[in-house]
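What Swiss-Prot records for this protein:
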BINDING   Gly155, Gly156, Ala157, Gly158, Val159, Gly160, Lys161, Thr162  ATP binding site
Amino acid sequence: MAFGKVKQVMGPVVDVEFEGGELPAINSALRVSNKFISDVEFNLVLEVAQHLGDGVVRTISMDQTEGLVRGEKVKALGTQITAPVGREALGRIINVVGEPIDEMGPVNAKEQWGIHRTAPKFEDQATAAAMLMTGIKVVDLLAPYAKGGKIGLFGGAGVGKTVLIQELIRNIATEHGGFSVFAGVGERTREGNDLWQEMKQSGVLAKTSLVFGQMNEPPGARARVALTGLTVAEYFRDVENQDVLFFVDNIFRFTQAGAEVSALLGRIPSAVGYQPTLATEMGTLQERITSTKKGSITSVQAVYVPADDYTDPAPATTFTHLDATTNLDRDIAAMAIFPAVHPLTSTSRLLDPTVIGEEHYKCARDVQALLQRNRELQDIIAILGMDELSESDKLVVSRSRKIQRFLSQPFFVAEQFTGLPGKYVDIKDTVKGFREILDGKHDALPEQAFYLVGTIEDAIEKAKKLQA
């Protein structure tokens, strides 16, 4: 075990000098004492990022560096940052370096895995396409998720990404019955606490492992916590042969943390100030999230879109890795239609008749065609008004408005906001409901009857109450 000393501290970046002998490898962990964190010796973990020459390595800190002094003794561990893996990690909350943060004592895991791992080889990967039911109408109908696929929830600030990811955790984890891993990357501590309480109440916590590196953590922790979470998920896939759900909120913060550290490491920034290694870092993470012949990892990732600009390099780089995208739209949220999913810009490679069946495919395409026609008519309506439309176009507008409202749904995790019980809708009921609206069976019902209901039967019931 080699020892060195702190040479200089620049925010989250620490230079460490080793005299003679071997230098610790890139991505290996070092430990140093920081009295500001606690009185425990060697309580701060550093990760080697660069070799500068003359026995000096540049490292990124996983916790605060306030209180570190030059000349402080540093211990090279000779290993990477490791995470506790296996069933002992279920029901627990750990941080980026694998330490428990739920005040429930140590995680007595039999194994610790390094967080930097190689992606599965091509011959080990499984590629069969099957649909993952979410119980959310707009998702299942128009942009269905793939089992063992990668899904992105895109949206700007405050359009409902976290609520949607919490609903997906509740629906899929409860119905799915396998293991889940949640990585909280650079998001609000309050949301993490809410999620933990929610999971405890719903009984899902015993089959879930949570890994948190919240907004208040230094960029080093936020840039690595997704890898820690993924390592926990990989163990369940590779060793226990499980189908694992891996939730990440928010993948943008992973990129953001990398950008914060990049300049301090002396790299010249690329477009919009992001790190020049953006595509490489994203690829390294995303390529590990895949299905193998042993088991699968189905990943749902929330992606913050800065200033609602989808051409920003961070969301644009994420797009290329995904099987399905659920785009949350501010204009739809402004209409109070929740989940605020845009039915025309959300995509999925599973929207294919050979995978989801002819009936589902035809219904989804007909819904999109009707909504697109309605969108084209909006300009005419804005200038001339509804009265100038032909009878067939008036019918298009009327049915579109009903479909828009029927795409909304009361969520289980939002019951305290809506005052309505949550609804899980089976795909057969979803297709049946939208087909009936398209065929004009419910032209006589008021628009309001379709708002925040589950199945078409619920809408008919609501219409009776409204007319009573």
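Cβ atoms here come from the backbone N, Cα and C positions, even for glycine.
Since this is a predicted model, take the numbers as computed values, not measurements.
What surrounds the ATP site, by Cβ distance within 8 Å of the Cβ centroid and not counting Gly155, Gly156, Ala157, Gly158, Val159, Gly160, Lys161, Thr162, is the set Tyr304, Leu328, Ala333 from the same chain. Cβ-based crowding with a 10 Å cutoff singles out Gly155 as the top-ranked of the binding-site residues Gly155, Gly156, Gly158, Gly160.
Cβ neighbour count for Thr162 (ATP binding site) (all protein chains, 10 Å cutoff from its Cβ): 21. Ranking the binding-site residues Ala157, Val159 by how many other Cβ atoms lie within 10 angstroms of each Cβ puts Ala157 at the bottom. Around the Cβ of Lys161 (ATP binding site), the number of neighbouring Cβ atoms within 10 Å comes to 27.
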